[in-house]
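Visitor: According to TrEMBL, the record shows the following:
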COMPBIAS  93-109  compositional bias 'Polar residues'
DOMAIN    23-481  domain 'Major facilitator superfamily (MFS) profile'
REGION    59-80  region 'Disordered'
REGION    93-126  region 'Disordered'
TRANSMEM  21-45  transmembrane segment
TRANSMEM  166-184  transmembrane segment
TRANSMEM  196-217  transmembrane segment
TRANSMEM  229-249  transmembrane segment
TRANSMEM  297-317  transmembrane segment
TRANSMEM  337-357  transmembrane segment
TRANSMEM  364-384  transmembrane segment
TRANSMEM  396-416  transmembrane segment
TRANSMEM  423-442  transmembrane segment
TRANSMEM  454-476  transmembrane segment
Amino acid sequence: MPSAAVPTARSWLARGRASRGLALAVVFVALLLDNMLLTVVVPIIPTFLYATEYEGANSSAAPRQPESPHSTIKDPPFSPVSSYFDTSTITTLGSPSTMELQKGTSTRQPLHPPVSSPSPNGCPQGEEFLMQENVRVGLLFASKALVQLLVNPSVGLLTNRIGYHIPMFIGFIIMFLSTLMFAFSSTYTLLFVARALQGVGSSFSSVAGLGMLASIYTDDFERGNAMGIALGGLALGVLIGAPFGSVMYEFMGKASPFLVLAFLALLDGGLQLCILQPSKVSPESTRGTPVLTLLRDPYVLVAAGALCFSNMGVAMLEPTLPIWMMQTMCSPKWQLGMAFLPASISYLIGTNLFGLLANKMGRWLCSLIGMVVVGISLLCVPLAKNIYGLIGPNGGLGFAIGMVDSSMMPIMGYLVDLRHTSVYGNVYAIADVAFCMGFAIGPSTGGVIVRAIGFPWLMVIIGVTNIAYAPLCWYLRSPPAKEEKIAILSQECSMQTKSSTAQKPLRDFLLTDNTDVEAENVE
C-alpha cells in the first residue's frame, strides 16, 4: 500500500504542476497576502505614531508641570487607548490648545467627557503634530512603492533569464521577513525599513506572478479572465487589510495582525514549493524586448499612465484620509480602517466583473469610463461629514479603479504580443512600475499638499487629473501591429486591430478547437 501511495502523490503533484488553474491560485494567494500587508498598516501607523510619539511625550512631561490652583482643567494620565479621543487629554501647559481651553472654552467635566457625538474640540489635539504626521506617514507609505519602482526593472530582466518560479519564491521569503519586522518594530525608523523591505518582496511577487500568467494564458480572452481573477486576489487583500488591521489593533494590539499574516505567508510558501518547484531554472526560449524599447512605445506609455493616475487617487487617500477623519469627524480607531471597506468591496466586484465584460465592450472604453468615475468620486470625498458619507465616493472609487486595472493589465500583455516579442517579464515590470509610481508619488506629495492647501484641494487636484487623462485611453482602441506579426495575430488575438480586421473568421474557427489546445497544454 505505501508503495502505491507514493506514485499517486507524485502523479498528483505532476498534474498540479502542469495545471494552469493551480498556477493561477498561487499568484492569487501571493497578491492577496502582499496587498493585505500593504493596507493593514493604513489604520495602524497614524494612530500608533500619535499614541507613542505625541501622547507619550506629553504624558511624560505632564507630571513635571506645576498644577495651577486657578486652572479649571486637571491633568489626567495619558493612555494610548482611552486618551486617543478623550476631550481632556491634551494638558501640556503653554500649548495653544490648552491655553484656549484655559481662556474659557472648558466648561465640561475634565475627567468624564460626554460619550455622545463629539464636538470639534473632542477630536485628537496637537494640530501641528497631525499636520507634520501627514508628511511623515506619507513618506513611510511611499517608501514601499519607491523601492519597488527601483527593483522592478531588475526583476523583469531576471525573469527572462531564470524564469518566473524562483523570483516568486524569493518574493515570499522577503515578504515574510518584512511582516515580522512590522510586528516587532516600535519606532518610525524600523517601520520605515520594514515598509521598504516589503517593496522588494512585492516587486518579485507581482512581476513574476503576472508575467507567469501572461506566458501560461496565451489566448487574449483567457488571459483577460485570468488577470481579472488574479487582480481579485489583490482586491481581496485590499478589502480585508484595512478593516482587519484596525479591529485587530484596537482589541489585540499592534503585533497581532502581522503575526497572522506571517503565518499565512508560510502556508503560501509551502504551496509554492509544491506547485512551482522554485529550484528549477526555466529561462525564456526567446529574448524579451528591452525595457527602454517598450518605454518608447506610446501605446505602452498610455496604458501605464492610466494605471498610475487611477491608483494615485487611492494612494493619496491612504495616509491623508485617516488623519482628516481624526481632525474633522473625531472618528475612533476602528473607523479609520472601515472607511476603506466600500472601496475594497467595489474593487473586488469591479475586477471580477470587468475581467469578462471589458473584452466585450472594449478595454479602452472601460478604462476611459473608469478614469472619469475615479475623478468624480475623488471630488466627492471632501463633501462627507461622517463615515457614512464616505460610502458612496469610496465605493465608486474602488469600482472605477477595478475597471481600469482589469482592462489595462491584459492590454499590456496584448501590446507586447501585437508590437513586440511575446515575453512578458519586462512589460509587467513596467506595469508594476506605473502602479508603484502612483503609490510613491501619491502618499509622498499628498501629505505635503494637505499641509500647504488642505485635504479638499488635494482631492480636487487628483480628481481633475484623472478626468483630464481619461480621453487618452481612446488611442488604445485600435493599436497598429507590426507587419511581421499580422499573420500570427489574426489567429491569436480577439481584440480588433487595424491590421487584422479582415481575418476575423480565422479567429472564430480557432475558438471552436480551444478545448483541444488546452488539453495539449495540460499534457
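Yeah, the Cβs are placed from backbone N, Cα and C, and that goes for glycine too.
I'd like to know what surrounds each of these features in this structure.
Guide: Residues belonging to the domain 'Major facilitator superfamily (MFS) profile' (23-481) score a mean pLDDT of 77 in the model.
Taking Cβ pairs closer than 8 Å, the transmembrane segment (166-184) reaches residues 26-27, 30, 33-34, 37, 41, 155, 158-159, 190-191, 193-195, 197-198, 200-209, 212, 254-255, 258-259, 261-262, 265-266, 268-269, 272-273, 276, 278-281 in its own chain, all 6 or more past its ends.
Nonlocal intrachain contacts for the transmembrane segment (196-217), taken as residues 6+ away from its ends with a CB within less than 8 angstroms of a stretch CB, comprise 20, 23-24, 26-27, 30-31, 34, 37-38, 143-148, 151-152, 155-156, 159, 164-165, 167-168, 170-175, 177-179, 181, 223, 225-227, 230, 284, 409, 413, 416, 423-425, 428-429, 431-432, 436.
Tertiary neighbourhood of the transmembrane segment (229-249): same-chain residues 24, 27-44, 47-48, 209-210, 213, 256-257, 260, 333-341, 343-345, 347-348, 350-352, 355, 402, 405-406, 409, selected by CB-CB distance under 8 Å and a gap of 6+ residues from either end.
Outside the transmembrane segment (337-357) by six or more residues, the chain places 39, 42-43, 224-225, 227-229, 231-232, 234-236, 238-247, 314, 317-318, 321-322, 325, 331, 366, 387, 390-392, 394-403, 405-407 with a CB less than 8 A from a CB of the stretch.
A Cβ distance under 8 Å defines the sequence-distant neighbours of the transmembrane segment (396-416), meaning residues of its chain 6+ beyond its ends; these are 210, 214, 220, 223-224, 227-228, 231, 234-235, 289, 294, 297, 299-300, 303-304, 306-307, 310-311, 313-314, 317, 342-355, 358-359, 363-364, 366-367, 369-374, 376-378, 380-381, 422-424, 427-428, 430-431, 476, 479, 493, 495.
A Cβ distance under 8 Å defines the sequence-distant neighbours of the transmembrane segment (423-442), meaning residues of its chain 6+ beyond its ends; these are 141-142, 144-146, 148-149, 152-153, 155-160, 164, 199, 203, 206-208, 210-211, 214-215, 284, 286-291, 294-295, 300, 303-305, 307-316, 318, 408-409, 412-413, 415-416, 462.
Residues 298-299, 302-303, 305-306, 309-310, 312-313, 316, 320-321, 324, 363-365, 367-369, 371-372, 374-379, 381-382, 411, 442, 446 of the same chain lie 6 or more positions beyond the ends of the transmembrane segment (454-476) yet place their CB under 8 Å from a CB of it.
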